[in-house]
Amino acid sequence: MLILRGAPALSAFRHGKLLEQLSQKVPAVTGLYAEFAHFADVDGELTADQQQVLGRLLKYGPSVPVQEPTGRLFLVVPRLGTISPWASKASDIAHNCGLQSIQRLERGIAYYVAGTLSDADAELIAAELHDRMTQRVLGQLEQAADLFSHAQPKPMTSVDILAGGRDALAKANIDLGLALAEDEIDYLVNAFQGLKRNPNDIELMMFAQANSEHCRHKIFNASWDIDGQAQEKSLFGMIKNTYQMHNEGVLSAYKDNASVIVGNVAGRFFPNPETRQYGAVQEPVHILMKVETHNHPTAIAPFSGASTGSGGEIRDEGATGRGAKPKAGLTGFTVSNLRIPGFEQPWEQAYGKPERIVDALDIMIEGPLGGAAFNNEFGRPALTGYFRTFEQAINTPHGEEVRGYHKPIMLAGGMGNIREDHVQKGEITVGAKLIVLGGPAMLIGLGGGAASSVATGASSADLDFASVQRENPEMERRCQEVIDRCWQLGDENPIAFIHDVGAGGISNAFPELVNDGGRGGRFELRNVPNDEPGMAPHEIWSNESQERYVLAVSAVDFERFKAICERERCPFAVVGEATEEQHLTVSDSHFGNTPVDMPLDVLLGKPPRMHRSVTREAELGDDFDPSELDLDSAVQRVLNHPAVASKSFLITIGDRTITGLVARDQMVGPWQVPVADCAVTATSFDVYTGEAMAMGERTPLALLDAPASGRMAIGETLTNLAASRIEKLSDIKLSANWMSAAGHPGEDARLYDTVKAVGMELCPELGITIPVGKDSMSMKTKWSDEGVEKSVTSPMSLIITGFAPVTDIRKTLTPQLRMDKGETDLILIDLGRGKNRMGASILAQTYGKIAAQAPDVDDAEDLKAFFAVIQGLNADGHLLAYHDRSDGGLVTTVLEMAFAGHCGLDLQLDPLTDSKGEVPAILFNEELGAVIQVRQDATPDVLAQFSAAGLGEECVAVIGKPVNNAEVTISLNGEVLFDDDRRMLQRQWAETSYQIQRLRDNADCADQEFDLLLEEDNPGLSVKLGFDVNDDIAAPYIKKGVRPQVAILREQGVNGQVEMAAAFDRAGFAAIDVHMSDILAGRVDFEAFKGLVACGGFSYGDVLGAGEGWAKSALFNARARDAFQAFFERTDSFALGVCNGCQMMSNLHELIPGTEYWPHFVRNRSEQFEARVAMVEVQKSNSIFLQGMAGSRMPIAIAHGEGHAEFASEEALLEADVSGCVALRYVDNHGKVTEAYPANPNGSPRGITGLTSRDGRVTIMMPHPERVFRAVQNSWRPDEWQEDAALMRMFRNARVWVN
């Protein structure tokens, strides 16, 4: 084993944070130093040249001064006996660089901790420094040799029920954490006594996962009686009623990994499978919809819990029908009180929590980062979501109870697209190959399905921890590329059947696959790719290692499928074959036995149906009279409540522009304020149709009136979706996520009554279907605190997500008040018709109350009329701004509109009341409704349209107007009741987000961004162009019909190739899909290409540095090096590197003439992934892409974690600047070059973010022009832009240059 020291592992900021954390736990700690340590398992000796290559491979990341380490060593390495995802990618890179004798590379972090430390101190320190699920702490570097030795496989065990009977199985149930119900134990004893043999542990584990509440939804399929009355329908039966009543537009419901609804027709853009040239195929582009929860894992390990939650939902979409494409994501979180240190709120009481779960603040620091990181690396934009905190002591008939979310809700959802012919699964032929696609098995996530089906605290802490999976999004991206290549084959798609691997691992996925296809299966356990050879059979079969799919591929299609996987470098294995008989056999060649041998109907047949016998409880509530409240204090409390406050800290960490198909993200207007009501994507690059999604939830309401909370969730979803241009209400389809503390007094009945209200009443009345959903029935946390039994129980929680096809994405409304449209009015539409019910409002919660009367949807007809009128007004161009009313009430609605519009407000409440005592209820009630901005001359017509639809004076009123200063006033009868400065109110609203950002990221950056809100004259984003945006300078060349070829180059983990191809295609190029594996295998060189474009993403998951592994596999592979060098030396060639491609090309500068002063790109100064819209200014340079654009300023999409330009020296920086190599700089909203955050999102010196070679043929940049070449792709754009955006000129310049 070779040991190679690496660079320091912590930036100054991270070092300070960790040192503070350690010294809080162990005061004896006085110092800390950390560096990477690399270990190479080598077969034989490396030559001097090979040692040099290895040395260069392992030099990556920022240049930080190396220290000589002192102090006690804590060497954190991957868990012994496993192969880490880092190792498999780094080893791949080494092999691609010709280092075949390296069997494996591994990496650890060597922490040297100074201070006089006892063994007990060392244990505490070790616990802080590693994740015990996937890592080990060693005391010496040499001990890392154990990483390369493998344990012997463990044998299976059986449970002796033939001799020990039922008791033997009952004991195994506890030991193995199976969570079997009493009647299931009886069922299994009878089944195996019938088979005349003892069950093996692998069979029991498989049965427990497949039949867990998590997988089987027993409560939703149960029979019920309530208060002694038998109920007619199951919960699921009532949900399905919505489909029976209204199934138009639904193509697949209740039977696949996601639901499918009818989409629009468009030119679906992808590479031709034969020629590899990108082009558009006109066809129906149907919409997938899915929303999952990952609550249990997120409570235990928030980053990985939320990350694998998003990953699992993405796989559900990809595994729909015969393969589909995920498109846009959403994330939601509900947790208990945050209690941010130094920013505790008056309503946040400390109640404690069990040791095994993480507190709410840490969940909200780590969980969102996990969800965002997976989406970012996979390449899916995260476009909407919600965040709520709730934890309150409530008086009940049984005494005081704490209600809240110690077991959090972590919601991961999204939408995708699928071809019409692939919506239904195909046929599994007898003898079809049963394949696992994706990553290897590892001992992680064992028993997750069963673990998430019990109340937190009812199983052992070790089993809880073992049930959390770990993530590798770059692997999932490779799998998706394989699925994409398959569906792009159309009729020749080799995938007959596909499922994702989730709860229960392949022990659940393979039986489900063959059973759904009407077949059985014969499997060989040792064919399962396995990075942990010491596992026992049940661990190999049931672990929940992520990023895996199971597929059936017929023998005739297998070779084609195999070739696709090899090109994409995606691991796969044939584990079995389909049989005629519906029997499951798993053999084990290592031990020469058959661990599983059972009829499928024993596993998946009809275990006993659950029956629920429950009683209703009185609804809860308390007295809350807001009439005397001080408005200033009430507004401040409400604006600080996390459900109301800015969600910026959740949003800027998530890429919102990847795919180039995003038409509406969360950030609104020139000041990019996070207040959008819905998310909208374009169907494709050639149309204005699209898809919209939005959410609704009012979970605390369920304590007062559970059915009302369900109706309000649906109502809020619809008032959010009303902002997009949807043909008719019934085009909207809903996903319902149900959470309940089943078994807690009154909760089962509340659940039943809510499902009934939604499924049997409101949805049928609205003409809306719920074709998909998910349930989580163990929303309770129990623990013992110094002998006191404690529990926190969630309210019944229904979270609704709505999806719909959109007729015109240009017509999406936002809350931004327009000050450039003359005199305007603000009109309130109050669907509560003046009832002003305050139940469970944010205002009540901030005073420790929940009030008594719940807002509700009193009449479905009002909701239908509202939706129809808003759509009509939008179509006619009457609406300048729109925002729905929800958390925080009317005052929040109008303030958010003012924040987005950078203006003040003059509100007159006279049309709503003449009593000052009613004002707080008017301002803070959360009845359904919206506020719209219209031109004053249109106001009479708008009011008349509402009145004609049955929404007259008791629900629609003019309540004031925006004003062109920063003053916000609220008046009644001429008396000013509230008067404040918009900037100060916006800082109050932004402070919760700022406080979390300060704890999580570089505090200096957080401070800079927060202080920007005080700037009086911030003009926001703007455009200043030195050219005509509508002038297509490439048109004369396109007319000639000659399309020069450009190589759209990608490496494993790259995810931005399609939009890049679309931009070049539009400019008149033939865009050709080229994978690095094509270059390394000699299938492609660059001779035929005029252009070479390296695209954005996460090549090799950024292992060995961002873009560096990709670059080094080009530099140190002889064939690849020759191809790149020959291309760059041609004078008729051009190249572009964007984001990850920019990082990659900056590391190739030794091959690119005239680039000796280029920097390389390292971690952002904020220490965070930054996804924003930034202003850039084009510099005077020779770049062929930027000719005629010098001096132009425009917004551009940025999304990267490592975009800080690090030059070799001060001299190199100066030289780059004076030699004309700098092509693009960040500027602030005033047009000044800046290093200040967030205008310069990575802190690059002198604002440098784009460079070119001396002759201008090769240009690199961190921002993403390929995501914003159409006007509709921009989060904000000037009104006068039509189809093209400013940055389309870049691509057309390249086309002009070629001729």
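From the backbone N, Cα and C atoms, a Cβ is placed for every residue, glycine too.
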Mg(2+) site partner of Asp677, Glu716, Asn720 (as recorded in Swiss-Prot), chosen from Asp500, Asp516, Asp884, Asp887: Asp884
Other residues, Cβ within 8 Å of Asp677, Glu716, Asn720, Asp884 Cβ centroid (Mg(2+) site): Cys678, Ala694, Gly696, Thr717, Leu718, Thr719, Leu721, Ala722, Ala723, Ser886, Ala930
Spatial neighbours, same chain, of Ile314 (ATP binding site) - Cβ under 8 Å, 6+ residues apart: Pro326, Gly329, Phe374, Asn375, Phe378, Arg380, Gly414, Glu476, Gln480
DSSP-derived class (H/G/I helix, E/B strand, else coil) of His1264 (active site): strand
DSSP-derived class (H/G/I helix, E/B strand, else coil) of Thr384 (ATP binding site): strand
Distance, Ala676 (ATP binding site) to His1264 (active site) (CA atoms, angstrom): 22
Largest tally of Cβ atoms lying within 10 Å of a Cβ, found at which of the recorded positions Ala676, Cys1139: Cys1139
Asn720 (Mg(2+) binding site) and Ala676 (ATP binding site), Cα-Cα, nearest whole angstrom: 9
Neighbour tally for Asp677 (Mg(2+) binding site), based on other Cβ positions within 10 Å of its Cβ: 27
Close in space, distant in sequence - Glu716 (Mg(2+) binding site), Cβ under 8 Å, 6 or more apart: Met695, Gly696, Glu697, Arg698, Ile800, Asp884, Ser886, Leu928
Sparsest Cβ surroundings (other CB atoms within 10 Å) among the recorded positions Asp884, Glu1266: Asp884
Under 8 Å by Cβ from Thr384 (ATP binding site), counting only residues of that chain that are 6 or more apart: Leu330, Gln666, Ala676, Cys678, Ala679, Met693, Ala694, Met695
Position of peak Cβ density within 10 Å, selected from the binding-site residues Gly305, Gly311: Gly311
Euclidean distance between Cα atoms of Cys1139 (active site, nucleophile) and Asp677 (Mg(2+) binding site), Å: 30
